[in-house]
Amino acid sequence: MIVKTNQFNLLQGIPRKKHRKNIEINYKNLPFIGKDIWTLYELSWLNVNGLPQIAIARLEFNITSKNIIESKSLKLYINSLNQVKFKKSVNLIEKITFDLNNCVIGEVFVKLFNLNQIKNIGISKFSGTCIDNQNISIKSYNYNKSLLESSFEEKELVTESLYSNLFKSNCPITQQPDWASINIIYTGKKINHAALLKYLISFRNHDEFHEECIERIFNDIQNICNPKKLSVYARYTRRGGIDINPWRSNSFLKPSLVRLARQ
């Protein structure tokens, strides 16, 4: 059973194609696989007796979908379900899946968790080497991919898992800050950690959606540093009860669904 109401009209899709064209990614032959993983912390509805129900939802968007979803519109959509009755939670899942599929014009996976299940997940952190504690001088906070040039060393291939908790970009609609931890796993010529950190910090004044930032980072590192394998995974802090966690990779290494301290 799919509840037919007008909540769908609240959702706003944003085409992926325009941004991918701007950063010269072939939309029809993507250089990566991946998902956009969203967590909804403020999901509530009514059962058939009118008793409020709560859950935490995980949404997984296929990156081949035509659109991404503007996060504020999703918040308004989720809030519009607060007073809607559903016979079973599976009917809520069907409703959300149906509406999101139609908004993004692609496949969306929806799963609900009760509070005990989320508690069992616990708080974790990225594995690997944190590159934040370096004695370096930062002179610019404007996006600059040239900071990656000559950042890789002409030595034998290495495999590294690096992460930073200092990433910040800005919402292109509200200009509000988007905070994230970013994990970069690669196999290739060793990338200079100071250069990589400066590059990530150069996004501090940059206006772009979460998914777009991560695709830009993947594209820049791949084109400039030319690793054999590359995965870029960001876990953003929540805003409006939602966190967004994009992942892009040219290998089949799947991201760990960790929950970080700021989430």
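Glycine too: its Cβ is placed from the backbone N, Cα and C atoms.
Whatever TrEMBL says is automated annotation, not expert-curated.
Summarising the annotation, TrEMBL assigns active site, thioimide intermediate to CYS171. Long-range C-beta contacts of CYS171 (active site, thioimide intermediate), restricted to its own chain and to partners at least six residues apart, with a cutoff below 8 Å, comprise PRO177, ASP178, ASP207, PHE209.
Marked as active site, proton donor by TrEMBL: ASP178. Of all Cβ atoms in the shown protein chains, 24 besides its own fall within 10 Å of the Cβ of ASP178 (active site, proton donor).
Within its own chain, SER71 (substrate binding site) has ARG239, GLY240, ILE242, ILE244 as residues 6 or more apart in sequence whose C-beta sits under 8 angstroms from its own. Look at TrEMBL and you will find ILE69, GLU70, SER71, HIS210, GLU211 tagged as substrate binding site.
Classification of LYS72 (NADPH binding site) by DSSP places it within a helix. LYS72 (NADPH binding site) has a Cβ environment of 16 other Cβ atoms inside 10 Å. What TrEMBL lists as NADPH binding site is SER71, LYS72, ARG239, GLY240.
Summarising the annotation, TrEMBL assigns domain 'NADPH-dependent 7-cyano-7-deazaguanine reductase N-terminal' to 8-112.
Within 8 Å of the Cβ centroid of the NADPH site, not counting the listed residues SER71, LYS72, ARG239, GLY240, the chain contributes LEU74, LYS75, GLY241, ILE242.
Local packing around the binding-site residues GLU70, GLU211 was summarised as the count of other Cβ atoms within 10 Å of each Cβ; on this measure the leading residue is GLU211.
Take the mean position of the Cβ atoms of ILE69, GLU70, SER71, HIS210, GLU211, the recorded substrate site; other residues of that chain with a Cβ within 8 Å of it are ILE14, ASP36, ILE68, LEU74, PHE209, ILE244. Here HIS210 (substrate binding site) comes close to ASP36, SER169, ASP178, ALA180, ALA234, TYR236, ILE244, PRO246: these same-chain residues lie at least six apart in sequence, with C-beta atoms under 8 angstroms from its C-beta.
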